[in-house]
């Protein structure tokens, strides 16, 4: 999707040399697990979520970047319109990243172990206390929008749970480790308004090895 010329009404082609940041070439990541084998999350739900919401955001992000490339080359582009594109870029970037973390975190047996479990116990007093806070934060978003994000806080050098109203929310110094999607598209097909049961199912299917890898990467960033 390119910018529109206000005088002619024609869609303007992106400039021949676009900034790499506006390449619009993002590709969706495949699921790492068999969606038919999750416990309490149906294959129909997972495939709908992945195909419609995640892949849809990847496609839209690519279109927005293409529009930004054309808009940047347009000296007459009003700042308010450019800002609107930047807002949509942020929104879609957050959606893509958080959905990738969400899906990468599934496919496991839900049994926390390794460095990540020890780090959670250290930050929260016990693993169970961390899980209690995470679940309660999720339930606070049960109305059908938002995310709960377990992040490594580079400022505090510790693990924190963050409440996010939409794809653009998140701690400035937070590196996401796990993400729980609380938009209704992530659970309504299976659970209706029973968000607590969805959260239970999400916990049962967590791949803590993937979370442990993300934690190791985050702490390596924090050490620099």
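Keep in mind that glycine also has a Cβ here, set from the backbone N, Cα and C atoms.
The Mn(2+) binding site annotation in TrEMBL covers 49, 99, 181, 185. Positions annotated as compositional bias 'Low complexity' by TrEMBL: 12-23. The domain 'Manganese/iron superoxide dismutase C-terminal' annotation in TrEMBL covers 114-214. If you look up TrEMBL, you'll see 1-34 marked as region 'Disordered'.
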Sparsest-packed among the binding-site residues, when each Cβ's other Cβ atoms within 10 Å are tallied, from 181, 185: 185
Averaged over the domain 'Manganese/iron superoxide dismutase C-terminal' (114-214), what pLDDT does the prediction give? 96
Per DSSP (helix/strand/coil reduction), residue 99 (Mn(2+) binding site) sits in helix
Inside 8 A of the center formed by the CB atoms of 49, 99, 181, 185, which other residues of the chain have their CB, for the recorded Mn(2+) site? 50, 53, 54, 102, 183, 186
The domain 'Manganese/iron superoxide dismutase C-terminal' (114-214) resolves under DSSP into 48 helix, 23 strand, 30 coil
